[in-house]
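K.L.:
Below: one structure in structure tokens.
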């Protein structure tokens, strides 16, 4: 995965996320099945990129500040469209950095 895909999958400028609509997009369908969960970072691209600024070599990095988050969690295994519910949070995030850019969302709160 690269920075462009990471942005598309995880960064949003607004916290008003309709999980049921957004999670039915092709990028969240894995092997023909609905993805179990996806975390959205409510922030500017520059703030998220800053996590990897100066990080060398490529590695996982924990943000020094907390981000507003919204995780869409699948309620049940059903045919598409799958039902999801939002789980808001405010926490540090761990991302995988490559060439000083976030390319993979690792987790919330720790690496």
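Here the Cβ of each residue, glycine as well, is placed from N, Cα and C on the backbone.
As listed in Swiss-Prot for this protein:
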- 10: active site, proton acceptor (ACT_SITE)
- 104: active site, proton donor (ACT_SITE)
- 5, 35, 36, 37, 38, 39, 60: substrate binding site (BINDING)
- 19-72: disulfide bond (DISULFID)
- 34-82: disulfide bond (DISULFID)
- 52-97: disulfide bond (DISULFID)
- 94-111: disulfide bond (DISULFID)
- 1: pyrrolidone carboxylic acid (MOD_RES)
K.L.:
By CA-CA distance, flag whichever of 36, 37, 60, 72 among the recorded positions is nearest to residue 94 (disulfide bond).
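P.N.:
Closest recorded candidate to residue 94 (disulfide bond) by Cα: 60.
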K.L.:
Check the Cα-Cα distances from residue 37 (substrate binding site) to the recorded positions 1, 19, 97 and tell me which is shortest.
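P.N.:
The answer is 19.
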K.L.:
Just checking: which of 35, 60, 104 have a Cα that is within 10 Å of the Cα of the residue listed as 'pyrrolidone carboxylic acid', counting only these recorded positions?
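P.N.:
Taking 35, 60, 104 one by one, the ones whose Cα falls within 10 Å of the residue listed as 'pyrrolidone carboxylic acid' are 104.
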K.L.:
Rounded to a whole angstrom, what is the largest C-alpha distance between any two of the residues 5, 35, 36, 37, 38, 39, 60 that the record assigns to substrate?
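P.N.:
Binding-site diameter by Cα atoms for substrate: 23 Å.
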K.L.:
Relative to the Cβ of residue 10 (active site, proton acceptor), which residues of the same chain, six or more apart in sequence, are found under 8 Å away?
P.N.:
38, 39, 40, 41, 48, 105
K.L.:
Around residue 72 (disulfide bond), how many other C-beta atoms are within 10 angstroms of its C-beta?
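P.N.:
There are 22 such Cβ atoms around residue 72 (disulfide bond).
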K.L.:
Can you grab the distance from residue 72 (disulfide bond) over to residue 35 (substrate binding site)? Cα atoms, rounded to a whole Å.
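P.N.:
Distance between the two Cα atoms comes out at 10 Å.
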K.L.:
What whole-number Å value do you get for the CA-CA distance of residue 34 (disulfide bond) and residue 60 (substrate binding site)?
P.N.:
26
K.L.:
Where the distance is taken from Cα to Cα, which of the recorded positions 52, 82, 104, 111 turns out closest to residue 60 (substrate binding site)?
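P.N.:
Looking at Cα distances from residue 60 (substrate binding site), the smallest one goes to 111.
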K.L.:
Can you tell me how far the Cα of residue 35 (substrate binding site) sits from the Cα of residue 82 (disulfide bond), in Å?
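P.N.:
Their Cα atoms are separated by 9 Å.
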K.L.:
Report the nearest neighbour of residue 111 (disulfide bond) in space among the recorded positions 5, 19, 36, 52, 82, comparing Cα positions.
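P.N.:
So, spelling it out, the nearest of the recorded positions is 52.
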K.L.:
Tally every other Cβ atom lying within 10 Å of the Cβ atom of residue 52 (disulfide bond).
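P.N.:
The answer is 22.
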K.L.:
Counting other Cβ atoms within 10 Å, pick out the least crowded of the disulfide-bonded residues 34, 111.
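P.N.:
Least crowded of the disulfide-bonded residues 34, 111, by Cβ count within 10 Å, is 111.
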